[in-house]
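J.: Structure provided below as structure tokens; questions to follow.
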Amino acid sequence: MPASKKRIQNRGTLNVGTQQVPAELRDWVHIWHGVRVNNGAEDTSIFHTGSRIEDMPFWKQFIRLPSNSLFPRVFTTDNPRKPYKDFLYVLLNMRWPMLLTVLLGVFLVNIFFFAALTCFACGEPTNFFEAFDLSYQTFTTIGFGVVYPMHTCSNISMSVESFASMMIVSAITGLVFAKFAKPQAKVAFSKVCVVQPYGKKYLALVVRVANATQSRDVTHDVIMEAVFKVNLLRVEHKTKHIWDHDEEVSEKRRLSRGASVMTMQHGEDIMDEAAYSRTKVLTSYNLKLLQNNFITFRMGVAVVHVIDESSPLYGMSKNDIAQSDMLVEVAMSGVDSTLQDTVSERYIYTATDLVWGYRFAELLEFNERNAEVIMNFAKLSAVDSAPIDDARYLKPKLSTGLPSDNYESAKSGYTHDVARRRSHKKSRASHDQEQNHPYHDESALHVGWPKIIFVFVLAFVVINFTFGLLYWLHMGGISSYSDENVSQFELAFYMSVHTLATIGYGSIAPKPKSVYINIVVFIESMVGIITVTIITGIAWSKFARPRAHIHFSSKMTIATIYGHRCLVFRAANTRHSGEVHENFFRIGVILTNRRTGLRQMYDVPLVTAEWPSIKLPATLIHVINENSPFYKFHSMKELSQSRVAVIALLTGLDTTFSENVYARKMYFWDDFAYDMRFEDFAVIERDRVVVDYERFDRLVPEDRDEEVMTTPVLSVRSLLAGDLV
């Protein structure tokens, strides 16, 4: 049985990869470590609906990529991935009107460029409009024959344009194929989510989701193995325990710096703590659902989270929720029964979208006379009153601090959905640095575009020289216009170019009675068609091949977090465009058993194994207790003696292709650090996140204040002023 099928059967009962969290740790395990909160001088909300594409004017929707990402605007500095490498994701995520505008622009720029080149550099044709006619006929391979190149310069220019035409048309064809092959989920979410009574004791957070297909047949466009997830991101104040601990540690660090360190060297900056909140933290929760998976999803379903004692929303009143700085993401993924392909969709709600004391109105209407069920989408977000008795449903909290002190549903087990995985699909593996396997040098899918273009240029030149030589051997079989002012071999070479690119100006052509030349032309025309087909296939295959582009920290560190020894490392999605959702991490430790001498691997659970998004990089933590394989190691020497190695694996869902992507990183014993901690590397602000990758891998001693010998996390203002990389 394929692994994907096995996991589907076991889904919801696994306890793999997630560490059971003791009660004394639960007030910090949900914190998004390494991230600072900046509400600004006016203490504005971080999360609001204004950045959602549905709430934007039409012209902004036209030019902006459709995205309901948790972090739609991420500014980065020192990003290891260059922005131009994500241009494909930008194009694939564009709306069709904008994409067609861009493609038209590519055509026009190419045509105008070669028209200007032939007119002003070659002086032929002398009229720019005639040069434009020659350029577009060459690019589109029309070749009416009314205008044509006559001299060497213009012939070379048109030969280069014909090659550019072959490459551009093939690349655009592959791009359009990939976009058409990209599955789209026909799913509609309610514009609001409601908080309503659930039984006599609890409240429930409810979102309604409907299959928005236009088909009237209930057996068509069914989404199978539909899996729903609800993630909560919230800005919270630190608990008294965390606050006291942080103040104590900060005081110790300040005292340990010494007077000599207080004088900063020239060019070193001190982080301005006044710009960021010292009392607020960003937290993340995976809300437990009453039912998170459905065998089929054809009409409408209610996604329900019961607000019980384990919920981070427990005990919150209407005013508490209205004043909360939070974001709720509802995600759906499944298999489209028509396309037999994975589809996914998500929607974002903020505190203003939560309606207190209402329930959704009936969505379905039944016509018994015609035996029809009518889905009235006008009622998708319609609500009816459902009053909430605060005295009954709002119980006082049993603990102080965050509303999430006792919340453990996100840590109760591994419920990583795998409905999107199908046995007939090949797994796609990715890593921020390609491994040196022999097949990487042989497969075009694993070769970069510069090398591929170089090979195509070389092939274009070799093919044309080869066939040009064959034509040159029998020049008597070639007819040409009298004003063609080139040598005999040039004439044969340009005829080869015209044939391979299927231009056919008519200025150079085989004589009808020359059997030899016509046979060679026939062979070359077939070679040209096959070449264009190969280029198109490679372009489509590369465009339709998702990769994770995940960057792991260069080191793992064993540090103390709130009094607990922990193994810590980081991971980030370095893309500038495109998102990876439903990220699930696993790590395994490989070490030598001193008694048997055998190398063995052990699964090591993480406190938070699943993350909704890592556009804002994740800090992954494993608490070292008596059950941990790291419990017996106390120094780098002991790690080296056991030849400890750790492999970190990420599985995620690429939202551009709706496909699984994978990334991995291997850490060896010399990649560990002791008693060192990672610095803060990101700031979350209203409508934007700022990630400083220069700090991503930076480690400092635990007893040292991070203000010393560091550069500041850049603000958005400085980024916009020219520091953005």
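Positions of Cβ are set from backbone N, Cα and C atoms, glycine also.
The feature transmembrane segment is assigned by TrEMBL to 98-122, 163-181, 452-471, 491-508, 515-540. What TrEMBL lists as domain 'Inward rectifier potassium channel C-terminal' is 296-383, 550-700. Summarising the annotation, TrEMBL assigns region 'Disordered' to 404-437. The compositional bias 'Basic residues' annotation in TrEMBL covers 419-428. Annotation comment: TrEMBL describes 446-546 as domain 'Potassium channel inwardly rectifying transmembrane'.
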J.: So what's the average pLDDT for the domain 'Inward rectifier potassium channel C-terminal' (296-383)?
T.: 91
J.: What else in the chain is close to the transmembrane segment (98-122), if you only count residues 6 or more beyond its ends and a Cβ gap under 8 Å?
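T.: Same-chain contacts beyond the flanks: 62-63, 91, 128, 131-132, 134-136, 138-139, 149, 151, 153-154, 157-158, 160-161, 164-165, 168, 172, 179.
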J.: What is the number of residues in the domain 'Inward rectifier potassium channel C-terminal' (296-383) that are helix, strand and coil, as DSSP sees it?
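T.: With helix first, then strand, then coil, the domain 'Inward rectifier potassium channel C-terminal' (296-383) has 12 helix, 46 strand, 30 coil.
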J.: Please count the residues of the domain 'Potassium channel inwardly rectifying transmembrane' (446-546) that DSSP assigns to helix (H, G, I), strand (E, B) and coil.
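T.: With helix first, then strand, then coil, the domain 'Potassium channel inwardly rectifying transmembrane' (446-546) has 70 helix, 6 strand, 25 coil.
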